[in-house]
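Trainee: My questions all concern the structure below.
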Amino acid sequence: CVIIQIMVRNYIRKTKRQTWDANVMQTALNEIANGMPFKRASKIFNLPLTTLKRRAKGQNKLAKGNSKHLGRCISTLPEEIETSLKNYALEMEDRLFGLTKKDICKMAYQLAERNGIQHKFSRDKKAAGTAWFKEFLRRNPELSFRTPEATSAVRARGFNKEAVAKFFYTLEEIMRVHNITDPMRIYNMDESGIQTVPSKVSKIVAHKGRKQVGFLTSAERGQNISIVLCLNATGQFIPPAIIFPRKRHNDLLYQGLPYGTLCLHNESGYMKSDTFVKFLEHFQKHCQSSVDKKVLLILDGHVTHQTVEAIEYCRSNGIIMLSFPPHCTHEMQPLDVAVFSPLMTYYNEELNLWLKANPGKIVTLYNVGPLFGKAYRRAATLNNGLSGFEKTGIFPYNPNILPDWKFKPSCTTDRPMVASTDHTMTTSNGDPLPTTNCEKNAESQREETPSSQLQKPGHSTMKSKKEFSSGNSSDDVSIFDENESSVSIVSPSQNNHNENKKIVTPFDISPLPVAPPQSRSSRQSKGATVFTSSPNYLLAKERLSTRMKTSQATNIARKKLFSKTKANKKKRHEEDDAACIFCCELFSTSAAKEKWIKCNSCQKWAHALCAGVSVGKKAYVCDFCV
């Protein structure tokens, strides 16, 4: 007979051994060390007297401090190595290179093999099993198995400490120079898009076992409508603006909108240069800015915000436009942080409620106004507005509001600063701006283990290109190089016992990804910019002049090309409807299969039958030219 042992994943305890809390045991051990008798400690903390004596005297060989493992099944990897694997997974997740279940299991197998640990992992798959992975997550509650959100490489590279520090430095200087201390004079505006179909469908209760579950929407792809929101640091919103994709104004489109909404329209439904100037007029009407009482408008660096018309209007009406650094609005813009997410959620709910209340109908542009109005009243609240400015550190002013782990994705592409003749940027107090030291942060992140934790190597050393890119795309090939030579690490607690013992960690097998040095200098990002400043105003005028010259040259070239094309078309038309030089019959009225031939001398056409020659004759000269 064959006996198959199946590992129980949800084990139910059958005894009451070690039901006390480990923290209570540690407190009792501390009191005994301070002189408390064993019997008194046993009664006060409700602990077994014999167990308490063994722990205090160190006679329990299986116990480690205040805890003891029960049962015959123990973790394959030692605690130190498993802790390093946990720290490695967290560090890779911070850098947006999160490890999958397959990566974790393959790494566990390699750690066991490289450290000479006996294991029962699959040698065919060269990976640990599902049971070990689930137990690994259970032993490390800091980890969770989640579906990540796709993040672009430019956003990961652009959101760094230098860009954020420059923005807060510029913000502080503007508030100091123009004496903007009142939060009612600090505004944030941004555009977003809503559609006639939900942007995201919520989970529903459905039949179990079905592979496909549907949900009714108005269309596969909806029409886009742009909305523009604006609020100040006190949480007060000015009436929004809405841009419909229409050429002409239609009052039916704007019914049900919030009171005072600026109604705009253009062919695309997106923000354009002239549309932005109209919004600035709407903004100035409600904020009552002037040259003597300036306001600060913080917005993104879209090209429509940098036109000469917009800058001139802002300079003449006391509006200071400050842009966020590129690819940083998801963490630094109050509207993105606290307003747009609930607004889209409420709008999708209103869409679904409308479809249920109107079966057989679909949502059109004429229904968007009332639906957006209901969602806007629920999302544009005082608490959301105040929370947005507070979480981004704009007001109250807090340049250190963002934690260091949010800058970890930019560590992959961090390179030494290029030497420049510019002066070092400092704050208003004369202190230099903070700089990034990602490797130091990564090292401190991995040192959150007990005193017996491993001493990590310098993992930022670059390795061969083979480690980062491989031509083999097979699923059986691990992303980690199994043949890479290990770096010896000595545990401090074992240093006195065995100095030659070497332990391999995940940082040795697969170091943290670091971009190679650039072979050429790339274009430097502009960062936070004051659009209404004199240098940027002159730069905008120069761009406009260059654009006009280019446009004039293009128009001249198009006119020449058009005149040539028109003449060629006329010539081709005359040739297409030519008359036979013998019978004067037009080509357009001749029979469909009649053959024509062209004279090489006068370039005129004739019927092949009238000319008395065959069609295949190459050098033909008519009788009039002979």
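All residue numbers here begin at 1 and follow the chain in the order shown.
Cβ coordinates are placed from backbone N, Cα and C, and glycine is handled just like the others.
Among the features that TrEMBL reports, domain 'HTH psq-type' is placed at 25-60. Sequence annotations record features per position, and here TrEMBL assigns domain 'DDE-1' to 224-358. The region 'Disordered' annotation in TrEMBL covers 416-479, 507-528. As annotated by TrEMBL, compositional bias 'Polar residues' applies to 421-439, 518-528. According to TrEMBL, the feature compositional bias 'Basic and acidic residues' maps to 440-449.
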Trainee: Tell me, roughly as an integer, the mean pLDDT over the domain 'DDE-1' (224-358).
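Mentor: Mean pLDDT for the domain 'DDE-1' (224-358): 95.
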Trainee: Based on DSSP, tally up the residues of the domain 'DDE-1' (224-358) by helix, strand and coil.
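Mentor: Across the domain 'DDE-1' (224-358), DSSP assigns the residues as follows: 59 helix, 30 strand, 46 coil.
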Trainee: For the domain 'HTH psq-type' (25-60), give the DSSP counts of helix residues, strand residues and coil residues.
Mentor: 26 helix, 0 strand, 10 coil
